[in-house]
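Student: Structure in structure tokens, see below.
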Amino acid sequence: MTVTPMMAQYLDLKAEYADALLFYRMGDFYEMFFEDAVAAAEALDIALTKRGKHDGADIPMCGVPVHSAEGYLLTLIRKRFRVAVCEQMESPAEAKKRGSKSVVKRDVVRLVTPGTLTEETLLDARRNNYLTSFAQVRDAKALAWTDISTGAFHVMPLTALKLGPELARLAPSELICSESAENDLREVAEDFGIALTGLARAAFDSTSAEQRICDLFGVETLDSYGSFTRAEVAAMGGIIQYLDITQKGKLPLLRPPQRETENRTIQIDAATRRNLELTQALSGGRAGSLLAVIDRTITAAGGRLMSARIASPSRDLETITNRLDAVSFAQDHHDLCGALRDHLRKVPDLDRALSRLSLDRGGPRDMAAIRNGLTQSAILFETLGSHELPPLLADALNDLSRHDNLIDRLDATLVAEPPLLARDGGFIATGFDAELDEARSLRDEGRSVIARMQQEFAALTGITSLKIKHNNVLGYFIETTATHAEKMLSPPMSETFIHRQTTANQVRFTTVELSELETKILNAGGRALEIEKRLYETLKSDILACSARIAQTASALAELDLTTALATLATTDGWVRPKVDDSRAFAIENGRHPVVENALRQQSGDPFIANDCDLSAEEDAAQIYLLTGPNMAGKSTYLRQNAIIALLAQMGSFVPASCAHIGLISQLFSRVGASDDLARGRSTFMVEMVETAAILNQADDRALVILDEIGRGTATYDGLSIAWATLEHLHDVNKSRALFATHYHEMTALAGKLPGVENATVTVKEWEGEVIFLHEVKMGAADRSYGVQVAQLAGLPPAVISRARAVLDMLEKGEREGGATQKTLIDDLPLFSVAPAPAPAPAKTSDVEARLAEIHPDELTPKQALELLYQLKEAANP
């Protein structure tokens, strides 16, 4: 069946991008047809209409305005769609020159995917948007990642077990891989909410990949960037190939690849990141996370660096020391720190502005952002230059300079507040280009220019009544009376004034100068815009030529922001510099949980109860706190706060404590909290066992492990056995530093059997039948769990609480007396019978109790007391 030329063009383009929604530009709208329209209308909640017919059926259609398309794009990307953006490559007028029925040329200019976003409105300014690439060459594996909005480009070798933890660390938006690996990676991608995209195997061919990398960076060999495995080269090459596909050949500005190693940062698995709520709270948002509480950065790049440091605490002692030295310097120089932050507040997002310009998605406002950022950089250079700086800040200082020429050029070229888009014009400063100033003058002041010319012609001819007028037939012309016209028609005036028309009373002339002016006025607006666009392209080239140095400056500004932010945090919240070394120490005095402390401060003003922790261990030995105590007493908070303090220390931050000594930690593991995995048919207990198994199989002697309530999801003796064996394994095999919280009081016996285990408990106090949580950790074991009291605090009905006390008393009595088996005790409890009886009403006071209440022991002689005892015994057992 025949289709219209426009629909034929659409179908041809759609066939090339079958797996994406096609945004087909038609004037001021992007339109979608057929299945794309149905899917987009549902995803965007917009009207589904129809346009024409195909094979006898209506063609579904929907559309979105071009000016607001970014918001719709963001919605589609978040719902895991890929969008092919098809633009008009010529105007309708240009198309008609090829024939009255010619269709406007269109082509896809970009494939929008979750990992290739650059627009400011589509991205979180304080979070990286990573595109990751997994490759395998024989038995070797590698992971590469880039953020094309900032230019970051990294690669690392990988073992199969480390893919999940690395994806958890990076939190990428998209993962690309060979089509043959898609099925193997689908589950892990779904676990982390990552869009998975398969590419042809050729994209990961290491030989062609190496050439693509060399071509991108304009080098003959990769040797200057380091030594890479074939798998690493393949992973990087896959990224470049994918960017070439999605950006239609216009590759972004990427920095040379940085090779990372697995032991560069603390290994933290996904479960631990989730449990500790490092960058995201369990509720799913940023609020309530560690990042939200400690982030004092004031630039977008500084915010991204803060997030990256929390996600990737270092294992390199020199790196940690340099960061701590920088924070100490900023804290010690309070006035300087304040001055630096005042200037940093004026620093825009240089990285993303630069990236948008390189991809032709930027505009004059991005140029102004670079100008303003570099201007503040120069001021910061002067501010810091007079101080003796620690190494990290000295390196940053070196990267703040060397932009004077570009700053001068940008200052001279751009207006103070340019528009967003180059197509609007009005962004080149007056006085920069004489030709542009003339065009603008003609465009904006055409009448006054004509008036001045009229005065000049009147003076030249001596005809004061001479006028310059305009009509749609002649355009601009000089008009005078027939009497005065004779003078202008005769030499020498006739050489200047050219006769155009004679009417009954008037004679009209023109001049070469007036004709040229008319052309200039008519074309002035378009000409001014063309000149601005030409100057824009020249200025963009100048900026991109300095892109490497601008990127270095952006990194230095982010480092300054992070350093001063951490110093400000330390000062305002009373944090101290930790001692970090190669030892096996772990000694914290008056440690606090920063998130809980912040919540208390905001909600009630109550102080956080600080606690000590000493897990310092000898080489090749474990040190474990076995923590007991009631629910709600603060065990989980204590576990988490010590893990967070260790993490903060190794990211290069001060810590919430009065003193801290941390021997380097290689891994951080956490098994805290309960959750099930219904999608995979895993119970809470199964999830707990899987996470515990991962810890026992991977933790080394430099790991810090926190375990909470291992074994609680199964039968009591099963759970106790698992918890007991887990603790022994941590002590004897893993030899880790660990905090192990449990309700199994029987386990406290291990402190006397294993040299590296110490009992600790969270203290409580009973007052008039109620429990008071003191939240203090002291050495020793808890005497009971206070579960019934906690249940009462939670609001269980009084009858339930009363019955629970009775059951607990009977069970504890049976254990003490040892005269009944567990089965006998349970059989005696109506609670466990087939038809349980309701909880009994409180018993009436007995005769014995009544007589006891009347007795005054101090008034009895020994003989009277003995006689009374026999009487009471007889009354109790009639």
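Glycine is no exception: its Cβ is also placed from the backbone N, Cα and C atoms.
When I checked Swiss-Prot for this same protein, it listed these features:
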BINDING   G629, P630, N631, M632, A633, G634, K635, S636  ATP binding site
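Looking at the shown structure, can you explain where the listed features end up?
Tutor: DSSP assigns P630 (ATP binding site) to coil in the three-state reduction, placing it in neither a helix nor a strand.
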Student: Let me check the 10 A CB neighbour count of K635 (ATP binding site). How many other CB atoms are there?
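Tutor: So the number of other Cβ atoms within 10 Å of K635 (ATP binding site) is 26.
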Student: Would you pick out, from the binding-site residues M632, A633, the residue whose Cβ has the largest number of other Cβ atoms within 10 Å?
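Tutor: Checking each of M632, A633, the winner is A633.
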Student: With the ATP site defined by G629, P630, N631, M632, A633, G634, K635, S636, which remaining residues of that chain have Cβ atoms positioned within 8 Å of the Cβ centroid?
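Tutor: Along the chain, the qualifying residues are V762, F773.
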Student: Where among the binding-site residues G629, P630, G634 do you find the Cβ with the fewest other Cβ atoms within 10 Å?
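Tutor: So among G629, P630, G634, the binding-site residues given, the one with the fewest Cβ atoms within 10 Å is P630.
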